[in-house]
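Structure first, commentary second.
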Amino acid sequence: MESLFPAPYWEVLYGSHFQGNLSLLNETVPHHLLLNASHSAFLPLGLKVTIVGLYLAVCIGGLLGNCLVMYVILRHTKMKTATNIYIFNLALADTLVLLTLPFQGTDILLGFWPFGNALCKTVIAIDYYNMFTSTFTLTAMSVDRYVAICHPIRALDVRTSSKAQAVNVAIWALASVVGVPVAIMGSAQVEDEEIECLVEIPAPQDYWGPVFAICIFLFSFIIPVLIISVCYSLMIRRLRGVRLLSGSREKDRNLRRITRLVLVVVAVFVGCWTPVQVFVLVQGLGVQPGSETAVAILRFCTALGYVNSCLNPILYAFLDENFKACFRKFCCASSLHREMQVSDRVRSIAKDVGLGCKTSETVPRPA
């Protein structure tokens with residue numbers, strides 16, 4: 001059987017519909033249209049509702065958390081460090097992709113794409129931008145940690161917030177190399193009286209599909225993870241080799257704390273994205289999911305990748321004292337503001353009641 005990789009691969013990344021029934025794989029259908037045999041009908045309604053519910057929960061929780069992270073970094077001057085500038089970029093990418101989940105969830109539940117061509121292109125582009133900006137940002141954070149730990153003198157000139165901002169701009173520009181073309185190739189197409197959101201692979205699909213997919217796998221996952229691994233291997237060797245990295249124990253403790261935070265964020269990212277990346281790679285080699293169980297696993301692996309986008313704010317709150325303090329301050333300020341509003345409202349009502357009573361006492365009673 002010839003490889004049918006392109007269709008399931010695009011399905012994984014932005015939630016269109018792919019072929020899960022092996023009997024249909026033998027039909028003569030162009031590769032870029034195989035997504036149109038909706039797998040949503042192939043999955044039980046209960047499973048679809050579960051996946052959509054997970055998408056919505058991730059969307060709501062992730063948006064609240066990531067927006068709070070961005071607010072804290074913008075609001076407090078002390079939070080505008082090089083590491084936090086990268087964290088802001090990560091939160092921005094996560095926020096954008098989380099905004100697409102209601103549309104993807106609707107697509108899964110209905111079994112077709114109801115939102116038109118422009119939104120289809122937008123969702124596809126955001127998914128790819130998120131994939132590349134996230135891995136590139138984590139790589140930049142790891143290199144930044146490596147410089148801070150292994151080259152502390154050089155770090156004084158290299159690790160500035162302005163240079164971190166420039167790196168973030170370069171990351172988005174580099175991600176556009178993939179984001180713009182897939183947005184152009186993406187479209188909402190009508191097939192069998194259903195509208196499907198998909199990416200049309202250029203002909204010949206047998207060649208360009210696997211080549212493009214393997215390139216994405218390498219540049220969005222394998223190569224960044226290798227760079228990150230090398231950076232942390234060198235950092236661990238450095239941390240074990242010296243007891244004091246800087247002249248101050250407090251500064252040394254802060255360096256180790258931030259390094260641990262970045263390491264945990266990277267580890268969680270790799271843990272969340274490895275299953276779907278491996279699944280996609282297996283499909284690229286020509287092995288297709290042909291059972292309800294395989295389709296369900298693929299869907300949940302995809303959802304796990306999105307779950308990562310709402311986990312980062314939780315990690316910051318637990319592992320970084322500065323974020324924890326800012327989050328606590330924000331929550332306390334919000335609570336105090338609500339209490340003051342309630343108190344002002346009560347005083348206003350009491351004042352009105354008092355004036356009313358006083359007025360009624362001064363008005364002469366009728367004889």
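Using N, Cα and C of the backbone, Cβ positions are placed for all residues, glycine too.
Record features (Swiss-Prot):
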DISULFID  Cys120-Cys197  disulfide bond
CARBOHYD  Asn21  N-linked glycosylation site
CARBOHYD  Asn26  N-linked glycosylation site
CARBOHYD  Asn36  N-linked glycosylation site
SITE      Asp107  site 'Important for G protein-mediated signaling'
SITE      Asp127  site 'Important for G protein-mediated signaling'
TOPO_DOM  1-45  topological domain 'Extracellular'
TOPO_DOM  72-84  topological domain 'Cytoplasmic'
TOPO_DOM  107-121  topological domain 'Extracellular'
TOPO_DOM  144-162  topological domain 'Cytoplasmic'
TOPO_DOM  186-208  topological domain 'Extracellular'
TOPO_DOM  234-261  topological domain 'Cytoplasmic'
TOPO_DOM  283-297  topological domain 'Extracellular'
TOPO_DOM  320-367  topological domain 'Cytoplasmic'
TRANSMEM  46-71  transmembrane segment
TRANSMEM  85-106  transmembrane segment
TRANSMEM  122-143  transmembrane segment
TRANSMEM  163-185  transmembrane segment
TRANSMEM  209-233  transmembrane segment
TRANSMEM  262-282  transmembrane segment
TRANSMEM  298-319  transmembrane segment
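Everything Swiss-Prot records as a feature, shown here on the structure.
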| residue | record | Cβ neighbours (10 Å) |
| --- | --- | --- |
| Asp107 | site 'Important for G protein-mediated signaling' | 25 |
| Cys120 | disulfide bond | 25 |
| Asp127 | site 'Important for G protein-mediated signaling' | 23 |
| Cys197 | disulfide bond | 29 |
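Below 8 A, the CB atoms of the transmembrane segment (262-282) and the transmembrane segment (122-143) form 3+ pairs separated by six or more positions in the chain. A distance of 11 Å separates the Cα atom of Asp107 (site 'Important for G protein-mediated signaling') from that of Cys120 (disulfide bond). With a threshold of 8 Å between CB atoms, the same-chain residues lying at least 6 positions outside the transmembrane segment (163-185) that come near it are 82-83, 85-86, 88-89, 121-122, 124-125, 128-129, 132-133, 136-137, 140, 144, 199-202, 216, 220. Sequence-distant contacts of the transmembrane segment (122-143) (same chain, at least 6 residues past either end, Cβ-Cβ under 8 Å): 13-15, 83, 86-87, 89-90, 93-94, 96-97, 99-100, 103-104, 164, 167-168, 171-172, 174-176, 178-180, 182-183, 186, 197, 199, 216, 219-221, 224-225, 227-228, 231-232, 262, 265-266, 269, 309.
Residues 80-83, 85-86, 231-232, 234-235, 238-239, 245-246, 255, 258-259, 262-263 of the same chain, all 6+ positions outside the topological domain 'Cytoplasmic' (144-162), place their C-beta atoms under 8 angstroms from a C-beta of that stretch. Across the residues of the topological domain 'Cytoplasmic' (144-162), the predicted structure has a mean pLDDT of 88. When secondary structure is read from DSSP and collapsed to three states, Cys120 (disulfide bond) falls in the helix class. Residues 91, 141, 144-145, 159-161, 163-164, 258, 262, 322-323, 326-327, 330 of the same chain lie 6+ residues outside the topological domain 'Cytoplasmic' (72-84) yet bring a C-beta within less than 8 angstroms of a C-beta in it.
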